[in-house]
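Positions annotated as domain 'AB hydrolase-1' by TrEMBL: A:51-234. Per TrEMBL, the feature active site, nucleophile maps to A:157. Under the heading substrate binding site, TrEMBL lists A:227, A:357. Among the features that TrEMBL reports, active site is placed at A:323, A:356. Among the features that TrEMBL reports, site 'Important for acyl-CoA specificity' is placed at A:325.
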């Protein structure tokens, strides 16, 4: 418990909620008649409203990106390493907006929310969303906050896909686009891992076809397995080896199926169980589907150069050497297309042992490169 | 249905069974009082009994490695690409023995067999086995067949670990050791994937603590998920991309959680479902544990050179460029230790897009290198 928050922290923050009554049409053909978005802001919007930065979150993220909700919080927001005074996203310069995406389970309207049509939780009836849908909902949030143009839209992983989509969907409303540890679309292997996670949830008897909430049930096993698989893909083989090796949990082997023999098993089980107690299974399905569906070039016969042609933003693309979920090669696809499309692009490939998770970890070269790019942005 | 078998096939083959009454002590401290091993042989044992080759199978393998069980068989044995007249393991020269390992579910004594102590299926009461236990049981099979020394012991993946263990446990009984697409021990990531597979099975309500057979149940969901995860690790990212890309199953997206959108999802679900109908869940757990536990150097403080010092065999180590389950780097660990231990070792690193599965696929350079090594063996 920090009695005084660290100097480079945004300190105590509170989520806010905005209610939207204009129906939001969705890629699936359905629409959300009305919805709420929960968000946080850090820093101060300047008089010209030219210093606003949007943070887009990844699969299991939410609006609480930086600072503390109470003096008792043991941990700050999920990207506190990069947001705050003196950090890459410097809150002395920028006004930072961070929301929980639609379909989430942290306050924004999602499968766990009350369906006005039935009076019960949406559950499986919540529409499937796409990255484009999120970007449209984020544009409405910008409207509501009086932000006509973002100084930057920034995201890692699935968040990077939203940043990229912003540059395509709203070229006039984004000056800088930062795409970190991301990809222009999923590979077959990426989709395959998502499919395993979905099958784990869908086949859990406690899932009840997505209406578990009405039944007072939670598909914990499915969520646990989904998270365990996910975690393997977030870490690098070497990173996992360095962290856990083949360290035994106890001094000797147990020779049974139930005991935890190796530290890595203990870690994965803990991560899985902890996650299954706090995350919504329908939201997890929805997030993996948004990942699978993301393929902005599909509308241009797979031509990413043509897809990015309308963009007017400057770009910063960052990848990490041992990220095998979205490897540097995937970031280079984006960079190559941007160069070909004659956009301004800065590319940082960071050496890191931390795999995909590296985008959350403040390694020196990452923080330095990220900071320098952000410092250059005129507001 | 081949009305006549291909010329390079061993043709029609039949499994045989041997019953062993001498108790087999196991690494876990328990023993098997008596047990059966099912095996097949191809080719003819020469008068000197010097041309016998042992094939060790991997996680889901069995004794039926080559040829056909009937003229109606649509597929030959699992390693038919490498075993037969004119193939790397040439049955005109070698007498090939291929068994189903103890703990298996294809005829050898395993969790599905009758436990003499209870009269019911062993289920969860079947002892956990190690690679060393298998090698000891294989040595007894060799005794029963009158084979004092193998011309070669050969295996891919978990099979390669058995071959390596043979060279350590019975240095006088193996002249050539072929370790293909294998590793000297699992990495933390390898163990992590196994743990996900195990948790999928263990938490399936139909598993019934391993006694599903008595309950007339089958933990199909757990087995399906385990196999899906496994399959992702058998293929390379690129190979999966080439095979499936982001090809849609139907012309348009369905925007729901249940439909199969991408071909890769369809493939994985099919593989998972097919497997869950034919494999035993307890055997799957047992195989993954044998993999996790394999670490021959542990007895020598992790020193693989010292571990391999007693070996008298010549070695052939083969790896495949895109195998990320047991990457070429893992094979090089074995090769480096063998060189350091002053053993004769030949190392082939094969370019292949097929990932770990490459050891089952007859690519030209693999077949050529494998054949040349086998041709050199004096019998």
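The backbone N, Cα and C atoms fix where each Cβ goes, and this holds for glycine too.
Feature map: TrEMBL annotations on the structure.
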| residue | record | DSSP class |
| --- | --- | --- |
| A:157 | active site, nucleophile | coil |
| A:227 | substrate binding site | helix |
| A:323 | active site | coil |
| A:356 | active site | helix |
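Counting every protein chain shown, the number of other Cβ atoms lying within 10 Å of the Cβ of residue A:357 (substrate binding site) is 21. Inclusion criterion for the recorded positions A:157, A:227, A:356: a C-alpha placed within 10 angstroms of the C-alpha of residue A:325 (site 'Important for acyl-CoA specificity'); this criterion is met by A:157, A:356. Counting every protein chain shown, 26 other Cβ atoms lie within 10 Å of the Cβ of residue A:356 (active site). Summarising model confidence by region, the domain 'AB hydrolase-1' (A:51-234) averages a pLDDT of 97. Checking Cα-Cα distances from residue A:227 (substrate binding site) against the active-site residues (A:157, A:323, A:356) with a 10 Å cut-off leaves nothing; none qualify. In this structure, the C-alpha atom of residue A:357 (substrate binding site) lies 8 angstrom from that of residue A:323 (active site). Residue A:356 (active site) is 4 Å away from residue A:323 (active site) when you measure Cα to Cα. Taking the Cα atom of each, the residue listed as 'active site, nucleophile' and residue A:356 (active site) are about 8 angstrom apart.
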